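Student: Just passing along the structure, written as structure tokens.
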Amino acid sequence: MINWNRLFPPLRQRRNINYQEGRRAEQQASPPLEVSEEQADIELFVNRLDSVESVLPYEYTAFDFCQASEGKRPSENLGQVLFGERIEPSPYKFTFNKKETCKLVCTKTYHTEKAEDKQKLEFLKKSMLLNYQHHWIVDNMPVTWCYDVEDGQKFCNPGFPIGCYITDKGRAKDACVISSDYHERDTFYIFNHVDIKIHYHVVETGSMGARLVAAKLEPKSYKHTHIDKPDCSGTPMDISNKASGEIKIAYTYSVSFEEDPKIRWASRWDYILESMPHTHIQWFSIMNSLVIVLFLSGMVAMIMLRTLHKDIARYNQMDSTEDAQEEFGWKLVHGDIFRPPRKGMLLSVFLGSGTQILIMTFVTLFFACLGFLSPANRGALMTCAVVLWVLLGTPAGYVTARFYKSFGGEKWKTNVLLTAFLCPGIVFADFFIMNLILWGEGSSAAIPFGTLVAILALWFCISVPLTFIGAYFGFKKNAIEHPVRTNQIPRQIPDQSFYTKPLPGIIMGGILPFGCIFIQLFFILNSIWSHQMYYMFGFLFLVFIILVITCSEATILLCYFHLCAEDYHWQWRSFLTSGFTAVYFLIYAIHYFFSKLQITGTASTILYFGYTMIMVLIFFLFTGTIGFFACFWFVTKIYSVVKVD
């Protein structure tokens with residue numbers, strides 16, 4: 001029995017498509033291409049090639065495949081460039097409704113004694129060994145390779161491999177399992193022929209036309225007997241690992257057209273859903289975790305409201321000072337609760353950056369929910385996030401300035417400079433080091449120098465001035481008024497039990513928020529590292545809202561326990577309690593790397609963990625800020641309703 005789940009990674013982690021959003025986004029991303037006999041040319045574009053066994057994608061031109069003689073390269077947006085997408089015209093040309101059989105595209109000849117030819121051939125072999133996949137596009141639709149898997153189900157992969165390899169022990173790797181013709185030991189088989197089938201339906205407009213609704217292909221391997229007049233028959237195109245002399249590879253294709261009146265243009269992505277069995281089980285597990293989180297949130301809210309109500313009623317009924325001296329709990333620390341924290345400068349900077357990320361995430365997910373940022377609109381999600389981050393410098397500067405002033409800080413110049421440069425600087429430094437590795441490896445994911453300059457220009461010329469403007473207004477306003485005065489002499493904090501010490505509380509605080517996101521985290525990591533489409537933005541937005549609620553409630557609950565234990569150092573603790581969710585994120589990312597991915601090579605491993613650290617830092621600032629704001633609101637609220645002499 002063939003283990004398809006091991007052979008084809010996309011089968012192992014099934015694609016998640018919210019197709020209603022996909023339809024909407026497809027219509028917004030590009031108008032339907034209508035072809036007719038008068039305007040009958042169909043363009044096929046090629047994208048970068050990638051692999052689940054390597055983080056390094058490569059441009060189509062990096063391989064020695066047939067190149068387009070002419071054709072305009074589509075312009076890429078910022079998001080596409082950052083994700084390493086490089087869309088180029090292809091040498092595969094079609095005419096609508098004109099069937100082609102075994103048409104020669106080009107022939108590549110390699111002389112193994114020539115160093116240049118040998119290098120090209122070795123690169124091709126290495127790519128087949130790592131199962132690199134082509135990604136072709138027709139009318140903004142992925143050209144899919146559909147094949148049967150277990151239980152008679154069909155899987156549609158939006159990519160197809162360059163070729164495959166039979167090991168020296170005779171084990172078929174990856175796509176070599178599809179045919180018993182691939183059996184020679186220590187041999188590579190290159191898929192040098194594709195059978196393309198284009199599905200269309202006829203529309204009756206002013207003039208008769210047709211819309212393309214699907215493009216499917218089947219990769220094959222042929223050692224053409226007559227290369228000048230190929231007939232697409234005979235043995236597969238094998239390249240022995242020890243081959244020497246002259247090697248000729250002829251690339252060919254066949255194309256056919258099929259009218260399919262059942263598929264509407266607006267729902268043409270739906271056939272990819274054919275490859276999604278057991279979706280209801282995924283939804284059940286997600287809904288199950290949501291119910292648990294909501295149940296816990298309800299319990300937390302109920303306990304807090306009942307206990308607090310009793311506390312406030314008891315404190316406000318006390319008349320004599322003798323009663324007050326005998327009393328214990330959170331009221332006793334009212335003279336120290338708003339005492340400025342240590343390292344207030346750093347905390348205020350983190351809060352400013354966290355606010356920027358929080359608003360950016362909310363707005364990006366909101367637009368994605370409306371269907372504007374679907375994968376049908378390539379690169380839109382990343383472009384939207386970067387542009388929003390740049391434009392949200394003002395709230396970052398304002399929040400930082402307001403809290404730094406309330407902490408009694410006076411070095412406002414240092415404060416605003418750190419807000420503009422500390423966290424973005426760390427992210428950019430990490431990103432730049434990763435980019436140097438990608439440059440060294442010649443990957444298409446390496447950001448071109450011009451784009452790097454453009455990102456720096458966005459940061460220095462737009463984000464930094466906006467941060468300064470926000471900080472100016474923040475410092476101009478009066479400091480935040482607290483409901484109680486701060487005593488001159490700090491109160492001594494009594495000995496704490498194990499559970500009310502800072503570290504156990506911080507570690508416990510991150511468990512509940514992480515519990516509500518880890519299932520979605522699996523899908524998100526799949527979309528990034530296993531090159532799978534992600535459409536479930538509506539659900540992700542719901543999880544985002546629940547994450548905010550859970551972070552807030554977990555932090556408020558722990559904050560209340562610490563105040564009852566007369567420990568008034570709540571500022572940093574509230575930030576770190578919910579921020580610790582990022583540490584669980586990091587642990588999960590490490591587990592995901594070793595248990596789910598097949599990444600090999602030092603460069604790919606460094607890149608995986610380098611990019612993961614950027615995500616962890618952003619997530620830390622994001623969750624920490626939620627925790628601090630929730631706790632700040634809670635503390636202000638409870639001390640404003642209790643009577644203090």
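Easy rule for this one: first residue shown is 1, then count along the chain.
The backbone N, Cα and C atoms fix where each Cβ goes, glycine too.
Positions annotated as transmembrane segment by TrEMBL: 283-305, 346-373, 379-404, 416-439, 445-475, 506-529, 535-563, 575-594, 606-635.
On this model, are these features tucked inside or out on the surface, and what's nearby?
Tutor: When Cβ-Cβ distances below 8 Å are used as the criterion, the transmembrane segment (346-373) is approached by residues 21-22, 24-25, 28, 380-381, 384-385, 388-389, 392-393, 395-401, 403-404, 407, 409, 415, 418-419, 422-424, 467, 537-538, 540-541, 544, 571-572, 575, 618, 621-622, 624-626, 628 of the same chain, each at least six residues removed from its ends.
Within the same chain, residues 29, 76-83, 85, 344-345, 347-349, 351-353, 355-357, 359-360, 363-364, 367-368, 372-373, 412, 415-416, 419-420, 455, 458-459, 462-475, 477, 480 sit at least 6 positions outside the transmembrane segment (379-404) and bring their C-beta atoms closer than 8 Å to a C-beta of that stretch.
With a threshold of 8 Å between CB atoms, the same-chain residues lying at least 6 positions outside the transmembrane segment (445-475) that come near it are 48, 55-57, 78, 81-84, 352, 386, 389-402, 405, 412, 415-416, 419-421, 424, 428, 432, 435, 438-439.
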Student: Do at least three CB pairs under 8 A connect the transmembrane segment (606-635) and the transmembrane segment (416-439), leaving out pairs fewer than 6 apart in sequence?
Tutor: yes
Student: Which listed stretch (506-529, 535-563, 575-594) has the most C-beta pairs under 8 A with the transmembrane segment (606-635)?
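Tutor: Answer is 575-594, with the largest number of Cβ pairs below 8 Å.
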